[in-house]
Amino acid sequence: MSQIVWIVLAGAVLTYLTRCGGHLVLSRFSRIHPRVEAGLNAVPAAVLTTLVAPAAVQAGPAEALALVAAALIGLRGGMMSLFVGGSAVLIVGRYFFG
Amino acid sequence: MSTDTTLDNPAASDFWAGFRLGVPIFVASAPFAVLFGALAVQNGFTEFEATLMSATIFAGASQMVGIDLFGQKIAPWLIVFSIFAVNFRHILYSAAVGRRIGHWSGWQKTLGFFFLVDPQYAESERRGENGQTIGFVWYMGMATPVYVFWIVNSWLGARFGSLIPDPHALGIDFLLPIYFLGLVIGFRKRPLWLPVVLASAAASVVAYHFVGSPWHVSIGALAGIVLAAAMPLSAEARAAYDEPPVDQTGESV
């Protein structure tokens, strides 16, 4: 097998460990402390924000406009309209701002 | 809460209910899968290796990082470690979602955790938040189209990638942040949402500059989570914790 295949398979094993690891650790405790619970409830917003923030800070005018438009649409509409609307603003913005 | 998802007909409708949630996810992820396949071949992967990576790792951002590093001729263990670092956030997902699937059997958990990607996690949390049971069949119904089309589109990109017009003009490189922003906004009804978002945003931007990618993800996430855990608990939250739903008792794998 090629070196790439070994790299891919090793990456796959480690990725799977992250996808069950948190549960394997947490399931050893029979009761979950309210503060841990509060922390876990913050996980989606906390993690997903870190996937947006650096990109938003480095954004040019077209990207910034797209994020603002997406956020405004998201406050009223659903995920799909947000995604389509934000992408449309991005493409139009890049046409004008390069 | 009380619906039994093991009966035949409800199981079929559960599968399709999940499937419908999976459709916008695979539509949104299709450009990345195609782009990944195209870039992988450009960086020296064969069609088979690119498709294998999508089938076994199934995590877009880390796959992109992996092929990018491979193109730079970096040591193999460092590439593997970078993939692990990018996907490290999934540890938090499995810890969080694990609380809601205590009723799954051992092999259902073993299989289900493989598919725990960002949108899969987000939709599962949303369902749990609405007080609905996260059934295994519903979960796999959502995972199936996402996983299958992730692989198919990666292969299409690897095969026909040279035909893609300028990704910058099409905005493909910035679709992912828009999509993740949508997921963040979807959780805005949660307690402490704004403080958590602000803390994680600030910490991840600072970490991005001083520590570098992909560590800004783990550091930024930790800032928001620690903030939420350190806040004084409200009376309602305390009451809710004192009376957990019956199906969430700590059952181990």
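Cβ from N, Cα, C; glycine included.
Summarising the annotation, TrEMBL assigns transmembrane segment to B:21-41 (among others). Long-range contacts of the transmembrane segment (B:21-41) within the same chain, counting only residues at least 6 positions beyond its ends with a Cβ under 8 Å from a Cβ of the stretch, are 47, 49-51, 53-54, 60, 63-64, 67-68, 119-120, 123, 141-146, 149-162, 164, 167, 170, 172, 175-176, 179.
For B:74-92 (among others), the entry in TrEMBL reads transmembrane segment. Sequence-distant contacts of the transmembrane segment (B:74-92) (same chain, six or more residues past either end, CB-CB distance under 8 Å): 57, 59, 61-63, 65-66, 116-117, 121, 214-215, 217-218, 221, 225.
Annotation source TrEMBL lists transmembrane segment at B:136-156 (among others).
Per TrEMBL, transmembrane segment is recorded for B:168-185 (among others).
TrEMBL lists B:192-211 (among others) with the feature transmembrane segment.
Under the heading transmembrane segment, TrEMBL lists B:217-235 (among others). Remote same-chain partners of the transmembrane segment (B:217-235), defined as residues 6 or more beyond its termini with a Cβ less than 8 Å from a stretch Cβ, comprise 85-86, 88-89, 92, 191-192, 195-197, 199-205, 207, 211, 241.
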